[in-house]
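Chemist: Heads up, here are the entries from TrEMBL:
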BINDING   B:D31, B:D33, B:D248  Mg(2+) binding site
ACT_SITE  B:D31  active site, nucleophile
ACT_SITE  B:D33  active site, proton donor
BINDING   B:H192, B:K223  substrate binding site
Number of protein chains: 2
Amino acid sequence: MAGAVSSRGCQKIRGSQIRDLIDSKHSVLFDCDGVIWNGEKVVAGATEVVSLLKRRGKNVFFVTNNCTRPREKYVQKFSRLGFADVAQEEIFSSAYCSALYLRDVAKVQEGKVFVIGGDGVYEELRDAGVPFVEGDVDDSGMTIVDCPLEADVKAVLVGYDDKLSFLKLAKACCYLQNGECLFLATDPDPWHLLREGRVTPGSGSLTAALETATGRKATVIGKPSRFMFECIASQFGVDPAQSLMVGDRLETDILFGANCGMETLLTLTGVSTLQEAQGYKDSDAPDKKDYVPDYVVDSIADFLPLLEDDD
Amino acid sequence: MAGAVSSRGCQKIRGSQIRDLIDSKHSVLFDCDGVIWNGEKVVAGATEVVSLLKRRGKNVFFVTNNCTRPREKYVQKFSRLGFADVAQEEIFSSAYCSALYLRDVAKVQEGKVFVIGGDGVYEELRDAGVPFVEGDVDDSGMTIVDCPLEADVKAVLVGYDDKLSFLKLAKACCYLQNGECLFLATDPDPWHLLREGRVTPGSGSLTAALETATGRKATVIGKPSRFMFECIASQFGVDPAQSLMVGDRLETDILFGANCGMETLLTLTGVSTLQEAQGYKDSDAPDKKDYVPDYVVDSIADFLPLLEDDD
């Protein structure tokens, strides 16, 4: 029985296997970076795959931990890269879902959110009607002892912030001394690879600094937490059993799919490799099995011939 | 037997018990903040205790995780607070010991150290002849993709830095991509309490951000690591069995004493309480026993009558 369990997963599929899989689902959820595009370079065939899935009547959603852009900027990016038919309501970013969490779950309308983050977070909070403290005020020359703090901060939200300063971190620590102040993170991504081999700390890194400084654990909105799927499900009535999660990172995308009860497909155009997936599959640790994708393709372009067949 | 073990420790001592303890030691190591002073306020009796210990022929050392001042500033602080006879060579700060580690253990003279930290760290590195990259260059407006990186960075050293910026963190991440670049932290302190109830992230918090971003673990120089004791022992030939560690924090000072094979004394003028010490003592977890001080006093002023008796 243990042998039967461990032989599941990591199935490299092609041809009619891909068609059967797609035919069995109503919805396909795509991660963006490493799946649909890499930076400003679209993955070959991705625009056609999205169009064809929609023509076959599938719901298509984009689920990204990237919190730096508001959704309208994602719509522009999709359009710029040649996607003719991606609508704002199909895009679920960690910034958007964090705003939904603060509005609908935490209901902080009567207080303010202190934000470590950028325009993506600010604009989504504004759209959702969630009041927030502008984090980028000019407090140069001030220290945490002499700078003013807001009286009614009910939550601290931490996301990627390339304008992070020590004072912002210290302010967050002060607000989080109040145990009733919520502690949220847009996403757990530890780092990001940029051009020229340069790397930056991700939201998860900044969150770790605050977790250590406060002795508290943040509630994480982005993948692999279930909350972004709950946002999609509540707006579109999506059934996880009829949904496929397509991603390039085992520790976020594939685990997210497993956490939400979806079948999962790893595409090899991004971060994780087939060897890593196989490593998790061969591992004896039971907590690693949710990192194993059900299916693997080289690229979502592998969907293409099968979808085109029907036309 | 288990009962006998768990009954050891947390012994509140006074009178002749204190004298017997002091008489049995050649050296007394004091943490500073919470033991000798609190901020700019000296603990009552501390100046006399230090003088009297020295008059009785004891070695006295000050062992602090605070990396913000060079040792000469500590000498000035001791003098300002009324200590007439504290010499620079008796002071072991995490900044000084980090410089010693880089010079004597890591031997990075042929490369440079990238520093997240402040003047305390810079001046100790300068004194030790360890080359470093000035972290506070004006790179405003630059991003990690377009800012220059030094070619010969052999170590990243992270300490308390109230001028921390995102770019400094990102540069450290880039240097640490090279697995041969050492990753050091001055100390593990997670946070510091300032005036007016304000708090700031400590070195440990900034280190946690980089550990998450790089997937690496830092080598920590400060307490509870043994390295600061090794610095003292190598310069003064101190025997841990004949040394007493006096501190106010169970998780740093008392654990440091235990790690180095010293007897330990908790003073209640700082962070940790007798209840917390008792809690560790009553805990069944074997890894908690090193947080239990051997002895407890209300204040190091309790040493005073006994030391004076002899004069």
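Using the three backbone atoms N, Cα and C, a Cβ is placed for every residue, glycine included.
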Chemist: Cβ distance under 8 Å to B:H192 (substrate binding site), same chain, sequence separation 6 or more: which residues?
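Modeler: Sequence-distant Cβ neighbours: B:Y160, B:V199, B:T200, B:G202.
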Chemist: Looking only at Cβ atoms, how many others are within 10 Å of the one on B:D248 (Mg(2+) binding site)?
Modeler: 25
Chemist: Taking the Cβ of B:D33 (Mg(2+) binding site) as the centre, count every other Cβ atom within 10 Å, in any protein chain shown.
Modeler: 18
Chemist: Per DSSP, to which secondary structure element type does B:D33 (Mg(2+) binding site) belong, with helix, strand and coil as the options?
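Modeler: B:D33 (Mg(2+) binding site) sits in a strand per DSSP.
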Chemist: I need the most crowded of these binding-site residues: B:D31, B:K223. Count other C-beta atoms within 10 angstroms of each C-beta and give me the top one.
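Modeler: Max Cβ neighbours within 10 Å, all protein chains included: B:K223.
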Chemist: Which are the residues of the chain, B:D31, B:D33, B:D248 excluded, whose CB is within 8 A of where the CB atoms of the Mg(2+) site average out, their centroid?
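Modeler: Other same-chain residues with Cβ inside the cutoff are B:C32, B:G34, B:V35, B:I36, B:T64, B:G247, B:R249, B:D253, B:G270, B:V271.
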Chemist: Which one is it, among the binding-site residues B:D31, B:D33, B:D248, that lies nearest to B:K223 (substrate binding site) by Cα separation?
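Modeler: Minimum Cα distance from B:K223 (substrate binding site) across B:D31, B:D33, B:D248 lands on B:D31.
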